[in-house]
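*Asks:* I have a structure I would like to understand better, so I am pasting it below and will then ask my questions one at a time.
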Amino acid sequence: MSDNGELEDKPPAPPVRMSSTIFSTGGKDPLSANHSLKPLPSVPEEKKPRNKIISIFSGTEKGSKKKEKERPEISPPSDFEHTIHVGFDAVTGEFTGMPEQWARLLQTSNITKLEQKKNPQAVLDVLKFYDSNTVKQKYLSFTPPEKDGFPSGTPALNTKGSETSAVVTEEDDDDEDAAPPVIAPRPDHTKSIYTRSVIDPIPAPVGDSNVDSGAKSSDKQKKKAKMTDEEIMEKLRTIVSIGDPKKKYTRYEKIGQGASGTVFTATDVALGQEVAIKQINLQKQPKKELIINEILVMKELKNPNIVNFLDSYLVGDELFVVMEYLAGGSLTDVVTETCMDEAQIAAVCRECLQALEFLHANQVIHRDIKSDNVLLGMEGSVKLTDFGFCAQITPEQSKRSTMVGTPYWMAPEVVTRKAYGPKVDIWSLGIMAIEMVEGEPPYLNENPLRALYLIATNGTPELQNPEKLSPIFRDFLNRCLEMDVEKRGSAKELLQHPFLKLAKPLSSLTPLILAAKEAMKSNR
């Protein structure tokens, strides 16, 4: 101990990671980090034989003599299904009938022959996921067909060598010419807030409360006519506030640029409050109707652990969304630049669980929990943000089967496109806790396809140095990362876990935030 009293009063600087993990390859697989990030071409259509159109309800081939006699009115193509027959020979360990594009992806995926033979169905699932372009988002996402007579996932694979049908749906979309989504080794972490603007449509309640009717109600929802641009603008005018945001807010300073718009900080003239304002050019939004859903959802989500929606304005074709501003930046800055202790990790987990308990109680699944989407105040406050992927669930649709979110944080039931519920957020929270320990999520340095395969088949990921963690922390992680969804803890249950009782005051995060900002400044 020093004899200098002044030095004793000054706390030691928080530990800093020797190098940022954001752009590192981790040394695990240097080749995997160099995989191509170019948009993938569409699945090539086979010339022989011609692709068959499968009847949505009966599953039978169209074009029979009966159809020729009936001569029904021909309407424009809708919900087109390109059926691909893929088989797997368990003896040779080879797939048969696989599209050339899928075969090329598999060849460069680093999924070994042994892994392919061990679980060929998982291989097909991740190939279909990776190559799908049915939903255009900043990060890879997928909506599987949910038609009567079809399972929600890829059809079961016959491992004896006979063919199976992998249904690839080509939806009638507004942005059908857009390039397929791409998975990056890790997306550039959020410098500030709000990099996406669209969410999945909120399921409308249906009359039949029987859960078994979910497929039919989902089918009805998909048949709902799309809103025209004029209808969307009219609806927005009924939601937003009247006025010019450039008169109500001053000192605009650009802090970020996302695919959906530009983000500024500004000051409320009347209150003197600093806010974040996202300016969105609606003409550049392919799915404008989803913005309405996002605003309506955000208006309802008022909670101390959620970055709160404040106001919105419409000026011409420009939509201004005003949100609470947190100057501490994202948790990603802290986990990649500093080392957190267990008590600090417990504090962050507690705050996030409080937000999730609130969301889940209101039938909302966030679906994209990760450090990028956790924002920090300079005083240490912790808040969830970015509801670009959130979804509301109703008693009639208590499970969802869309594949949405950022792959490395996805729960296995999402990757394999099984029906899922709010506990997908708990799995992602567990992965985020590993981020706080190791600086990155598991499999980040793997080829994306292999990462998806490992998530689908490996179950709970292994820690790099589990012996360094306390038994109580390991138990908390196990409760979050339980493969059996029924055994996985809920937000309400985990808030009672003994690990959270170790949490330090939120003010203990401030030195980490400052250290991260300093480290990032030095790295520039």
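Glycine is treated like the rest: Cβ placed from N, Cα and C.
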*Asks:* Of the residues Ser32, Ser141, Ser162, Ser209, which is given the phosphoserine tag by Swiss-Prot?
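*Replies:* Comparing Ser32, Ser141, Ser162, Ser209 with the record, Swiss-Prot tags Ser141 as phosphoserine.
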*Asks:* Which of the listed residues, Ser197, Ser330, Ser508, has Swiss-Prot annotated as phosphoserine?
*Replies:* Ser197
*Asks:* Need the matching range: Swiss-Prot marks motif 'Nuclear localization signal' on one of 112-118, 245-251, 392-398, and I'd like to know which.
*Replies:* 245-251
*Asks:* Annotation phosphoserine in Swiss-Prot: match it to one of Ser42, Ser132, Ser152, Ser165, please.
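*Replies:* My reading of Swiss-Prot gives Ser152.
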*Asks:* According to Swiss-Prot, one residue in Lys47, Lys62, Lys67 is annotated as N6-acetyllysine; name it.
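*Replies:* Matching Lys47, Lys62, Lys67 against Swiss-Prot annotations yields Lys62.
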*Asks:* For the set Thr159, Thr190, say which residue Swiss-Prot annotates with phosphothreonine.
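*Replies:* Per Swiss-Prot, the residue annotated as phosphothreonine is Thr159.
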*Asks:* Swiss-Prot annotates one residue of Thr143, Thr510 as phosphothreonine; which residue is it?
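*Replies:* Comparing Thr143, Thr510 with the record, Swiss-Prot tags Thr143 as phosphothreonine.
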*Asks:* Starting from the Cβ of Gln257 (ATP binding site), draw a 10 Å sphere and report how many other Cβ atoms land inside it.
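*Replies:* Gln257 (ATP binding site) is surrounded by 11 other Cβ atoms within 10 Å.
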*Asks:* Would you mind checking how many other C-beta atoms are within 10 angstroms of the C-beta on Lys128 (N6-acetyllysine)?
*Replies:* 22
*Asks:* Give the three-state DSSP assignment (helix, strand or coil) for Lys128 (N6-acetyllysine).
*Replies:* helix
*Asks:* For Lys128 (N6-acetyllysine) and Ile255 (ATP binding site), determine the Cα separation and express it in whole Å.
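*Replies:* Cα to Cα, Lys128 (N6-acetyllysine) and Ile255 (ATP binding site) are separated by 36 Å.
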*Asks:* Looking only at the domain 'Protein kinase' (249-499), what is the mean pLDDT?
*Replies:* 86
*Asks:* Would you please pick out, from the binding-site residues Ile255, Val263, the one with the fewest other Cβ atoms within 10 Å of its Cβ?
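*Replies:* Result for the binding-site residues Ile255, Val263: minimum number of other Cβ atoms within 10 Å at Ile255.
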